[in-house]
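Quick look at what TrEMBL lists:
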DOMAIN    119-540  domain 'Major facilitator superfamily (MFS) profile'
TRANSMEM  171-188  transmembrane segment
TRANSMEM  197-216  transmembrane segment
TRANSMEM  222-246  transmembrane segment
TRANSMEM  258-276  transmembrane segment
TRANSMEM  282-300  transmembrane segment
TRANSMEM  367-388  transmembrane segment
TRANSMEM  394-417  transmembrane segment
TRANSMEM  424-444  transmembrane segment
TRANSMEM  487-510  transmembrane segment
TRANSMEM  516-535  transmembrane segment
Amino acid sequence: MNSPRVNFKFLKTFWWKKKFQVRVSDAMPSDKKEPPNKPDTEDIISSAIGEFGRWQLLHTFLLSLFNIPCTWHIFIPTFHAAERLVWCARPEKFRNVAPHLWINCSGQSDAEYCSTTWRGDAAECPPFGEGGNFSGTAACDRWEFAGEGSTIISDFELVCDRANLIRVGEMMFLAGVAVGGLVCGILSDKYGRKRTLMVSVLIQSVVGTIIAFSPWFSLYAIFRVILGFISVSVVFSGFVLSIELVGGEWRTVAGISYLFPVSLSYMIIAGIGYLLRDWRHLQLAISLPGLLFQILWWVLPESPRWLLALGRTKEVMRILESAARFNKRPLPPNLDKRLQPETSEEPVENVSVLDLFKTAEMRKRTFIQFLIWFSVYLVYYGLVLNLGNIGGNLYITSVLQGAVEIPAVALSIFILLKGGRRLPLCLTMAVSGAACALIVPIYHVTGADLQWLVTCLAMLSKFCISSSNAIMPVFTAELYPTTIRNIGVGAANVAAGIALMAVPYLWMLASFHQSVPMAVLAVFGILGGLSVLLLPETGHAPLLDTLKEEEHGRRYSISPIDNSKRINNNCCS
């Protein structure tokens, strides 16, 4: 009689599994039980329609186009308030006098146009020959502007004691951006990415059109606040929807590629601004095309991941069936049953901003994200403003800024795929800050023309921080579960909005010493980069859907090395 054969390989595997389970249970509180196995929703969606196919390519491309009108609205004040030569208006009797002669004879050669100084004699200033020798000063209450078309400065007379309103108007827009990122993030997580996106872009077009007909600066400023509030909603809703339509490493490609039209927008707005010198015509030209996006209501899908997190499986099935047909691949059998939640007794999560601070881990992530977003935006836009002060043709400079962004964004895709999220973001921010730090001692060197070195270091810093600006939203979105993803990104945008409002005042610190602004940028660049190391790596790990998954995933983690395997095991085993 033959003795039974023992499968030692099976016993060895069984023993290791039991040992792993014991180690996990020992790390858990005694009153907690291991949750039931739950299929990884991303694996279900990706296995059904593929991680990336023609369907995903089409929709991520269409979503990226929403960035174009948003970028136009954000940077249009550069052309709305373009600097032009201005002088105190000529009285009626001197209306036929050439502007250059009037400026010279009325004491405005040094651009002091807030008052008119009558000086000279009949020989030097023929227009005033009737009075012989003369002198004196008179207040100026009307102005004339050189150049074609009009700007908000000429239409609303934002000169002299009203010149500070230009800065106030832009600060109000940025305040709208800061608040809008959080509020619209809440709306997107509650009502859906697609609905929030489409309604926001419609309001953006309507408000932008109203601005073009504003008769007063106060009305212009009020609607710019609303426009800032809405524009950031368009950007973030489209971004989150874009990365939730793809799977695997394609999240990185889709998230970064979503920013490519931003670079293109710099170049396009320069061309439009060059052709349309009247700010009202220019405002209409960038607002009306947004209405065309309403056609995409019947093309773009809602996020299947968001729908699945809310238990709306029938809608998910309709989207996956359409996507599978477009990608020409069959759906897996019994997919509708696999999408069903295992327990119907568990209610759908009701989330709010407070959930960002609910646990120690979420609080840590949220506060670090605040620091990172503040630092990136402060350094990025601080450098943009400084580069704008070097002079040159406004339209050529805008094109060059867009051209610089393209390789930075392209490089971000490569380093994210090869190096994950955490280390690339840390290095790009830290190098950007270090480049700013190297500029500081140059300002203290006298007797040497080192402007070329300052410019090279500033361009290096801007290149690196542009890459950080592309990596940061992807990393942030992956750190939060689906149910609060937009809330998390929107909350981080509040810190970014505060940084934006601080940028114009940052350069006022140069009154102490011209190196102080760069020193501030260096500190935040390096500090923000180092803080990234306190966050977990998210590359190659499936997106979490609910807060409970995040809590369980953190509880079961054995070591940072096994992070991606841990998530897969918890979700799919």
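Including glycine, each Cβ sits where the backbone N, Cα and C put it.
Curation plays no part in TrEMBL annotations; they are all automatic predictions.
The predicted model assigns the domain 'Major facilitator superfamily (MFS) profile' (119-540) a mean pLDDT of 80.
By the Cβ criterion (distance under 8 Å, sequence gap of 6 or more), the transmembrane segment (424-444) is not counted as touching the transmembrane segment (197-216), fewer than 3 such pairs being found. In this chain, the transmembrane segment (171-188) lies apart from the transmembrane segment (367-388): fewer than three C-beta pairs between them fall below 8 angstroms, excluding pairs fewer than 6 positions apart.
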